[in-house]
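Copied over from TrEMBL:
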DOMAIN    21-241  domain 'MacB-like periplasmic core'
DOMAIN    285-397  domain 'ABC3 transporter permease C-terminal'
TRANSMEM  21-42  transmembrane segment
TRANSMEM  281-306  transmembrane segment
TRANSMEM  327-350  transmembrane segment
TRANSMEM  370-390  transmembrane segment
Amino acid sequence: MNLMETIRVSINSLTTNKLRSFLTILGIIIGVAAVIAIMAIGNGSTTRIKAEINKLGNNVLMVAPAMTMVDGEIDYDNTPSFTWADVEALEQKNSIDALMPNITSNSKATWGRYNYNATIVGTSASFYKVKKFSFAEGRTFTNDEMDKRMNVAILESQAVQRLFGGDTQNVLGRTFQIKQIPFKVIGVLNTQPVTKLSYSTNEQIYIPATTIMNRLGEKNITGLDVSAKSPALMDQARSDILESLRLTHQLKPSEPDQFQIMSLSEAAGAASGVDNIMTSLLGGVAAISLVVGGIGIMNIMMVSVIERTREIGIRKAIGAKPRDIMIQFLSEAVIFGLLGGTIGVVTGIGASKILEATAHMTIEFTISPIIYSFLSSAGTGILFGVYPAYKAASLKPIDALRYE
């Protein structure tokens, strides 16, 4: 029997009981679909992070307090924080172009009958330079507004929608309340891409750091984003930040730093590391699904050997060699695997597209996971089909013909 005839016979055998065949390859379908979706999401995440680094530039440093750990848990009471003196000292450094302190408060913002639980960010007038934000209308804070702790606010695009409902025209100059304190809108930002490094939901409200500290009672500066004047001055900016913070925190030479400084590339590496761990874990689940699918193939092939014992005996009696029987059953197992792989690839691509549309994820497909999926599916069919094929090939014609 030639190869094409072997494949035709194998396909006819598989289509005899369609439901049983589908249930047999279900594990492979799930495993392959998971691999395709996981890799597409992972590739999309990497591309998205690289795009944001390119957007923000390679001259941004993120400064955060070093966490104090007690018994494996973060001790927030003893974790150091930044002060306004830190901000003022850093603003004097020649290597630094712009500085964005972050002081956050989760408070209800209200305008008439509309309200929502907003993230209020107290920051500097130059925050938009660090984040590469652009204004749809309006302006940033003036030095006078910062110094006098004035109640002015800049809204992200979705904050406008949530706070003012459908009435989103001519919002500049409107007054709304945060904790029953009136704030005047002086600016609206353009919509920003939602990424792991931006932390933006497009729903945040920005007010002067001096205002949030003195009007809303938020004193804790949770982090500093610093923009160096050029990529060439990154090392100098890092050194200046380290020197300035150690001085304002009055640390002795023998005392460790109370803060950590990371570039966007380093932060992206950390984020990618977490992604890789999650991808490995989910990949393990996908591998288990492939093994389960392979066991299903082995099980159904063993059943098929028993059901077709007389057929095997007849074929051997008319001249079929053990190799021919083994190739036929092995072909059926491989077709099982490839069929499951094909359906799995289509399912994985479809699921990824649905996630992209509904969860606003960035999805990116490459050819390598698809090739890997087909090879894995075929390999699973071969690995788990060898034993049933061997059992079929080992049957003696006389015993097979007597089987009822």
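The backbone N, Cα and C atoms fix where each Cβ goes, glycine too.
TrEMBL labels come from automatic prediction, so no person has curated them.
Sequence-distant contacts of the transmembrane segment (281-306) (same chain, six or more residues past either end, CB-CB distance under 8 Å): 13, 20-21, 23-32, 34-35, 38, 312, 329, 332-333, 336-337, 340, 376-377, 380-381, 383-385, 387-389, 391-392, 395.
Confidence across the domain 'ABC3 transporter permease C-terminal' (285-397), taken as the mean pLDDT and rounded to a whole number, stands at 88.
Under DSSP, residues within the domain 'ABC3 transporter permease C-terminal' (285-397) fall into helix, strand and coil as 98 helix, 0 strand, 15 coil.
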